Amino acid sequence: MKAVLLVSGGMDSLVATALAHHHGFELAAMHVNYGQRTWQKELECFRQICDHYGIEKRLEIDAGFLGAIGGSSLTDAAIPVGPADLAGTDIPTSYVPFRNANFLSMAVSWSEVIGANRIYIGAVEEDSSGYPDCRKVFYDAFNQVIEHGTRPETSIEIVTPLIDMSKAEIVKRGMELDAPFHFSWSCYKSEGKACGVCDSCARRLRAFASVGIADPVEYEVRPDYLQ
């Protein structure tokens, strides 16, 4: 069975890739450049992850229109990337409006063409920044969209293997699968050393610290987010 992987180059998509590989799928990987601040580093990590898992079928998509639409600190230089707020409940400025729906639509199109039956995405609901398009209900609904919007003979299902996991659990599972975390990038701000203070860096650092494992990525600062 063939699976399309949405691989950003981040920690979650890496572990989702490791799981799909572990389950024996024939893998095809998609990466989307949507004008994000760290697009070059993320693309580099995508290629390294694909090389590591021997994924030859790859699709790199330019979705710069999401950057042109704006509305997110990830794509708009005029909107600063705020510091981590791990206890916050508001949707942060890093939310890219309806981004994952756009990604999934492209993945479904490609899956129909190449005959893939599964789409893996490393979405996390329980221990995330509160993005509305990272909720299980969203993916359940999108599976209905696929069913009603593709050919009758098409059978494609979105798989979200990490959706109910904490970031610490994701790190543990990745270590069990020998996932190459050094090929992943989570920082929202920097392509050199990870900043260590954005929300994504904070959640990653806290996860690694929670399981007592050193994050192999180099940081400008490594605050203690377990306090």
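Using N, Cα and C of the backbone, Cβ positions are placed for all residues, glycine too.
Per Swiss-Prot, these features apply:
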- Val7, Ser8, Gly9, Gly10, Met11, Asp12, Ser13, Leu14, Val15, Ala16, Thr17: ATP binding site (BINDING)
- Cys187, Cys195, Cys198, Cys201: Zn(2+) binding site (BINDING)
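In this structure, of the binding-site residues Met11, Cys198, Cys201, the smallest number of CB atoms within 10 A of the CB marks Cys198. Distance from the CA of Cys201 (Zn(2+) binding site) to the CA of Val15 (ATP binding site) is 17 Å.
In this structure, the C-alpha atom of Val7 (ATP binding site) lies 18 angstrom from that of Cys201 (Zn(2+) binding site).
Shown are the binding-site residues Val7, Cys187; of these, the residue with the fewest other Cβ atoms within 10 Å is Cys187.
When the binding-site residues Gly9, Met11, Ser13, Thr17 are ranked by how far their Cα is from the Cα of Cys198 (Zn(2+) binding site), Met11 comes first. According to DSSP, Gly9 (ATP binding site) sits in a coil region rather than a helix or strand. The binding-site residues under consideration are Ser13, Thr17. Their Cβ neighbour counts within 10 Å are lowest for Ser13.
Its own atom aside, the Cβ of Val15 (ATP binding site) has 27 Cβ atoms within 10 angstroms in the protein chains shown. Listed binding-site residues: Gly9, Cys195. The one with the lowest count of other Cβ atoms within 10 Å of its Cβ is Cys195. In this structure, the CA atom of Thr17 (ATP binding site) is 20 Å away from the CA atom of Cys201 (Zn(2+) binding site).
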